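Student: One structure coming up, written as structure tokens, with questions to follow.
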């Protein structure tokens, strides 16, 4: 951005020429994040994806980002300003940016937009999300095998399909290997509040949970698990630093391959509006190293499940499955369709408690 | 709902931990307000303490150094407020809010290289034979030192305000600064000392979050605890022991609502999440409408600007 | 030794000059901070204060955005300033803003998909009423039970936030949203949309309301009996009682006006720039407005200017973040500095610096 450091009129003209030339060489990619890049969770992993883009394309790409952008009017303004500054591609990385993204996209037909976790698209707006439930299936299996108290504690953020899907997927696979398993779910109504998440972890442990899963963004539950000498699964990023002995494995959001391929598509001129929902196979859902605490046979089963999900041989939501009220959902041999999964608003049979409405 | 699933004794133990950050910050702010100054910057000072404490403890591997640095950091930040409001006579409400804004930003800048790092372990200090008392021992006497320090601090503040000459002076300054000045007390210096003490306490509270309760550093990790601490002081009607009760009550309800959820209580979660605030308001109304009405009065000079005109 | 001496009357010259002095000092201190962070301080300062207004690439868009950002700040701050003058501390405008938005949006959505001109006016009334009623809780508790209004209004913010999440996930959740949180988008419902009045200017009803509020507050304070009572209650509560002011009524009125205006701001935001009720709909306008009220010295015109200045640092700060790669935190710290300096140098308006020789005290 040479343009911005030149003051006088004559120099400004020179600067324009220089930045014009640069703009042709460089593809400019913008990212907006809902949290600080230092949250070590959701926004942190998106920023890792941005860094991977810089690494992959070096001087031929310029990335800009803005952190802690509130959803709504502020997001719309930030994206507009990014588009005005000459961005070719903008990743908006929170569900709440959906309508603002479409508004801005309508004003800048030549700029491409990628919106994470949404469902509204346009000619220049793609959506992408990850099948985290595939990862939840694997850790559910491990949890079912590892729990000695038969109680798994689950720290949930908000009752939205993404979170409910994760609870169901983990529960189904824990139950499969351990019919006595019980899930205790605590809704904390926040994505990020380390102290509250720590309290929730403590409450669950006090009530007998010896395995903790979380669907919130801070690493606090992992540190509590470490302190209390129980085990837990990391969320969004590898949390081994915070629970060297507690972390069994972690589901990692790996956006890097997707971001690199989309930036490449813009460079090649092959970018098209798509709807991507990737899982373990393309690497969007990855796992941290499995702990030695997991017995060899359980580990082998987990790795087999990962392979089966990768190859498509196994779908985490395979019938027969009933809903919580006992009504039939999936028959033997049936698997859930993406539409139902995307809008999932019910528990499967066996889970206790109600989804807050 | 299975209430028997809740272990009420461990609940008691964990509420003491949950309450300690707001207790520390609250007792500090109480002293500040007793001197007639309203500092709304508690959140900013807490989070500054959280990063100063974390960084210092990490670099020296000493929890003690960490807490000392946190107190120093909180006090240093409070001196900006002190300078602004006492020397430059700016509005206290606005300056306090600015302090919070600045503290949140400043701490995030300081903490950039400490993200994703595990802090040091702060071990529990079982209080000798007391810790072995059945039932009570694990609940009351097996915490880390700061929990006891916080309680001791409440006791000292109470004794200081009630029995010492300096405490009397502080209260006099808070009730009527002109009269105190006429009696020859250095109003500005006394208030600066109180503000510094408040900052140090808030810093300690923040460090308790980043070193013990969570323990790690993340941006914005205080997540509103500073405001709760402010509310506590008013809730306590400016009495030290009531700050302790308030902090334990608030911490208790917060922990209890999570426990109720884990126990499968059939109460809508969103109302449970509101409950700490609703119950605080109700208790406050009950207290302020009853006999204690007169005793509820705030320090008379609270928030007023002092200028010696002689 | 330097001593402060109170001026007989506030200095007009200084009251004009201090804001500029403060901005200059902030530029210096902020520049040092940016330099420490390894960024070009001149570029950073220029991006924050100059580019949103005059940069060829951005200004045509960001100038109207100043109004969009400043509108709610000014509207809320005007309401708050009345109470602050009377010594009534409503610091829960954030909660009243949220409830105004919820009530207004719920009213609009109740009519969906009917189209009628009456819908937006009804929403405006509902928004104002919602904010007003939320403010009545601390106001009535204060008058009936002498409960501290600072604490209650603040706690009500947290309750409002929980209610907001519950609404976004429950009652107001869009049936077409595939189970995701968030209401229908009011921007796509013409009868409920608080659209720009003239395209590309940023002028929506909320901005107009803010300007009207500035004028009304000015008239109220300079010409009306209520304004007189408010002024008097702040400076001399006993005298106010003799002048016929009823303290309880004054509390209810001031809280009601500030709550109503905050509710209005929330409604205009949800029906316009934001578009929908979502879990994190509120973005701190209610708290920032407190700062704006004091920066404007509780004076309507001052608040207008302070709101615009605050908006400028937000928008310029955003530009600086992504064009120069400054962390969001540094902008927050920069805003904090600006406030410190503005508040700090303000004393030059009321006080004079004097050199005193030792012993003369």
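Numbering starts at 1 and runs along the chain as displayed.
Glycine is no exception: its Cβ is also placed from the backbone N, Cα and C atoms.
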Student: Quick one: which of C:2-19, C:20-37 does TrEMBL have down as transmembrane segment?
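Tutor: Matching range for transmembrane segment: C:20-37.
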Student: So, do the transmembrane segment (C:248-268) and the transmembrane segment (C:329-348) meet, by the test of 3 or more Cβ pairs under 8 Å (sequence gap 6 or more)?
Tutor: no
Student: Between the transmembrane segment (C:70-88) and the transmembrane segment (C:274-294), are there three or more CB pairs that fall under 8 A, provided the residues in each pair are separated by 6 or more in sequence?
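Tutor: Counting Cβ pairs under 8 Å, at least 3, so yes.
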Student: Thinking of Cβ pairs under 8 Å, which stretch from C:20-37, C:95-112, C:118-141, C:197-221, C:301-317 has the most of them with the transmembrane segment (C:150-172)?
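Tutor: Per the Cβ under 8 Å count, C:95-112.
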Student: Should anything in the same chain at least six residues away from the transmembrane segment (C:95-112) have a Cβ under 8 Å from its Cβ atoms, list it; otherwise answer none.
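Tutor: Answer is 72, 76, 119-120, 122-124, 126-135, 153, 156-161, 163-164, 167, 171-172, 183-184, 186, 189, 191-192, 258-259, 262-267, 269-271, 274, 276-277, 281-282, 285-286.
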Student: Before we move on, state whether the transmembrane segment (C:329-348) and the transmembrane segment (C:20-37) share at least 3 Cβ pairs under 8 Å, counting only pairs 6 or more apart in sequence.
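Tutor: They are in contact.
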Student: Could you pull out which residues elsewhere in the chain have a CB under 8 Å from any CB of the transmembrane segment (C:20-37), counting only those six or more residues past its ends?
Tutor: 44-45, 49, 326-327, 330, 333-334, 337-338, 341-342, 344-346, 348
Student: With a Cβ cut-off under 8 Å, give me the same-chain residues at least six positions beyond the ends of the transmembrane segment (C:301-317) that come close to it.
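Tutor: That would be 19, 47-53, 62, 65-67, 69-71, 73-74, 77-78, 81, 210-211, 214, 218, 288, 291-293, 295, 331, 334-335, 338.
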